[in-house]
Each structure stands twice: as C-alpha cells, then as structure tokens.
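Notes for the one structure printed next.
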Amino acid sequence: MASEAKESPANNPGLSTVRDEATKGYIMQQTMFRVKDPKASLDFYSRVLGMSLLKRLDFSEMKFSLYFLGYEDTSTAPTDPTERTVWTFGRPATIELTHNWGTESDPEFKGYHNGNSEPRGFGHIGVTVDDVHKACERFEQLGVEFVKKPHDGKMKNIAFIKDPDGYWIEIFDLKTIGTTAGNAA
C-alpha cells in the first residue's frame with residue numbers, strides 16, 4: 001500500500017485542502033526589501049539578475065520611493081501611469097524595493113536586518129536560472145558576494161548570493177534541483 005504523499009493533509013496538520021472561492025483570484029504578488037541606496041540595488045537586480053523595472057512610485061510627502069522589479073517584458077506595459085500601476089500589481093512574484101530617502105548618504109545609517117542573523121526571521125528569495133554553475137561563474141566575474149557556492153556544503157548545485165543590502169538570494173536550476181532536494185522529497 002502506498003504511503004501518503006508528504007504534501008497530503010494527513011502529513012500536514014492545519015493544511016486546508018478546500019480552497020475558499022473568495023481566494024480564487026489571489027496571487028503571490030510581491031516581496032518587499034528596504035534598501036539603503038536605490039542606485040546600487042537597481043543595478044544589482046537589473047544588471048546582475050536581469051530583472052526589469054516595472055514601476056516606480058515616489059511618495060514625496062512621506063519621503064520614500066518604491067521600485068517594483070520582476071522578470072516581465074515591459075515593452076507591452078501600459079504607458080499611462082495609473083494603468084501601469086494596475087498592470088504592475090497584477091504581475092506575480094515581483095520584488096518591491098523600498099527606499100527611505102536620505103539613507104544612501106546618512107553616515108549614521110547602519111543598514112537593515114536581513115533576517116539571517118539573530119534574531120532570525122526572513123531568510124531569502126529564490127531565483128531559478130538556466131544553469132546554476134554558469135550563473136555563479138558570471139556572478140563571480142561581476143564581483144557578487146557569495147554566502148554559498150554550488151560546490152560548497154552538503155547541498156550541492158545550489159548557491160546563495162547577497163544583494164547590496166545583504167539580503168540572501170538562493171540560486172538554483174531545474175536540471176539539478178530535483179536531485180539536490182531528492183533526499184528531502
């Protein structure tokens with residue numbers, strides 16, 4: 001007799017398998033990072049990771065800006081500002097960079113907590129690439145800081161890099177992730 005899948009309700013107390021009709025149109029839309037310097041962060045997410053800037057919102061009264069980035073073709077995005085905002089908020093899996101004005105030039109500013117030191121909390125985001133080893137060779141040439149390279153540690157073929165604010169980004173590919181995570185499957 002086959003055992004229950006790890007993803008089954010029997011193996012996951014609290015898991016609801018009945019999707020409420022009210023949640024039918026929900027998507028995971030964004031993860032927000034606070035950033036010290038938008039110039040450094042925009043360079044990293046666009047040039048290093050290949051994301052596009054989907055929308056920028058400036059809140060001058062509150063002195064902060066939001067930058068939404070993702071893996072979208074912006075050539076067909078609306079040009080009307082309101083329509084572009086709605087379009088952006090309809091894209092799945094975007095990164096929202098929040099910049100509180102002045103942090104980039106404030107010598108007293110100590111930076112933000114990335115969640116990977118005590119007290120631990122948020123861990124990382126993940127980016128799928130075509131080939132984890134080739135991507136990491138490129139990242140190395142670009143001077144990206146690594147937490148873990150694909151050949152390090154017990155879990156091979158995955159890497160962790162840091163963005164300019166120290167947030168961790170897991171890098172993996174679909175060719176190897178199944179075997180890398182195979183023992184946990």
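Cβ coordinates are placed from backbone N, Cα and C, and glycine is handled just like the others.
Checking the ranges 1-21, 106-126 against Swiss-Prot, the region 'Disordered' annotation falls on 1-21.
Mean pLDDT for the domain 'VOC' (27-174) in this predicted model: 97.
E96 (Zn(2+) binding site) and K154 (substrate binding site) are 32 Å apart (CA-CA, integer value). E96 (Zn(2+) binding site) has R34 nearby among the binding-site residues R34, R120, M155, counting only those with a Cα within 10 angstroms of its own Cα. Around Q30 (Zn(2+) binding site), taking its Cβ as the centre, 17 other Cβ atoms fall within 10 Å, counting all chains. For H124 (Zn(2+) binding site), the nearest neighbour among the listed binding-site residues (R34, N100, M155), judged by C-alpha distance, is R34.
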